[in-house]
Amino acid sequence: MSTVVLLTLTGLGLAALYFLIASGLSLVFGLAGVLNFAHGLFLSIGAYVTWSVVGSWGLLPAILLGVAAAAATGALVELVLIRPLYTRHTEQVLVTVGLSLAGVALLQSVWGADARVFPRPAWASEVIGIAGAQVPADRFLLIGAAVVVLLGLLAFLRYTRYGLIIRAGVENRAMVSALGIDVRNAFTLVFAIGGALAGLAGILGGMYFSAISPGQGASLLIFAFIVVVIGGLGSVAGAAGAAVAVGLLQQFVNYYGTAGAGDVSVVVLLAAVLLLRPTGLAGKVATA
Amino acid sequence: MTTQPSVPPAAPAAILPEAPASGSVPSRATPSPSAAGQLRRRLTPLLLLVIAASLPWSTLDIPGLFDGPLNSPGTLQLLALCLVFGGLALGYDLLFGRSGLLSFGHALYIAAGAYGVDILVSHYGWPLWRAALVTVLAAALLALLLGSVALRTSGIAFSMVTLAFAQVGHIVISRDPGGLTGGEEGLPLASAGLPGFLVGVSNTVNLYWLALAFLTVVVLVVHTVDRSPLGRTLTGLRDDERRIAVLGLSPYRLKLLVFVLAGGLAGLGGVTYALVVGGASPHVASSELTLSLIVMAVLGGAGTRWGAVFGGILYAYLDQRLARLGGTLPGPFAEPLFVLGTLFILAVYFVPGGLTGLGARLEPLRRALRPRRD
């Protein structure tokens, strides 16, 4: 029983990370039609900026600065690189691919290729006993952050004017433009939001793995892609559901099966979902 | 027949009176390129092949480009690697540039080739030729199996499924199942199982020729496909899949066919890569390799005759050379991927047709600068 509780909470912690990355990806894809390979870069920037100022500023301001830096990077990438290629989706994907290669190399040259030990608040290193299981507290930090983000994002999308424009844009972008609303500002906004969430994911991921490395974003990104496709492109709630399914499946199968079987089973789940339901669990058609 | 002042002298019917009259339908509407131009198009690749094949006999030393003379083992190894990547990039372009299938999992079939031959030779002691044959067939079979699932989706979902499949391959290889793949360390190719002429530094020249042979095979296969009706159908598939379906062809089967073909070529490339590098490492299965194949194809000119080959050779050369020069360059320029990634982004913006398309794009400029004859 205690093993199941521990595995569940660890799986949910992983799911929280996936969700933070995938929700931004999903919004960016749903609205702007850009499959963003540079999302892993936003994640790493958030983590590294936090890491470099945490010594002098303290943890909370460092986290805020990291998130802000990642959001600024996202907005900047949209303004400078994505916007000139509007409607040319393949070129947009190619540019983000190039950016992900160059960006990781740039991070490596600034901070070195080796993993860095990432600081975490003292209480996150403690262990909490639940139903006989000894659960590290950082799991709750991740889950809590993801839940707050999920609720905040849903409220933002539902109750604000920009949220309305984004939802409408995901549904039918041409119609929103036809109504006289400049969707491109919303593009910049979702890139900034996606960047901020990815940066947060990078920081929390640094605390979870207690280390950061330039390539970390890329390996998390692939599972985030899987989550986005399973959840349905453009759907935040779908991404949340899919993240939980993927995180739990991965943890449980990795524990009870042989090493690596969990990762394989996630891909099998992806193939099954796409074959049975090409649009994902919720969201618009996954073609084009 | 005296009142024909308005007929331009270059009208095809006027200059081709001796064309075979058996077909009542005129074969082409535009005049064919001049015979000399066609001859040049045919002969230039052949000439390049002859030059490339005879390169190892040259002792030419090009100080800036290579570390040693052309026939030194180090330079030949570098050139062999460039040729392998030229072939791999062209094989990938069969999917990406020619059929419009943006696969993010091509590295899987390259890894299948590299690890397949490596495992069969090093662990099971198979003779190389049998191992290579079985490996290439296995890679094609793997492509058939996974392609039949992945191609049920299209667009971004297809990219994601192929990416995910390849990721599984990467994970399996990194985990070293049953001590087969050597995990993160990779698996060096046991030289005991190889024919003598491929072993040892002095035989690097044979590896070079092997890589050249691989590139030639890929070029022949891909260009044959280009010329065949299949090639045109694939172009149609890339430009408008619905239209191909309306014409009564099955897009799914065509795409699967080209996916398997590309998988087989990738397997062959993997075999060649393992021989040239002397083993296989998890890097060949990584998504990074697929991304770099995309970069090569786009950089050179996706979908063009020679673009991907040129892009592959250039990318592999820069990757190797920049890594060598790494320490001497300032700041981020020490990272080859930073330079290559930036170059790639610039190419996407400013050279949309790729580097081989640059000549055609500059043609109007050249014509404007050329002095008028009449």
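The backbone N, Cα and C atoms fix where each Cβ goes, glycine too.
Caution: TrEMBL annotation is automatic and unverified by curators.
What TrEMBL lists as transmembrane segment is B:46-66, B:78-95, B:107-126, B:132-151, B:207-225, B:256-277, B:289-317, B:337-360.
Taking pairs at least six residues apart, the transmembrane segment (B:207-225) and the transmembrane segment (B:78-95) share three or more Cβ pairs below 8 Å and count as touching. Count of Cβ pairs under 8 Å against the transmembrane segment (B:256-277): among B:46-66, B:78-95, B:289-317, B:337-360, the largest is for B:78-95.
Ranking B:46-66, B:78-95, B:132-151 by CB pairs under 8 A with the transmembrane segment (B:289-317) puts B:78-95 at the top.
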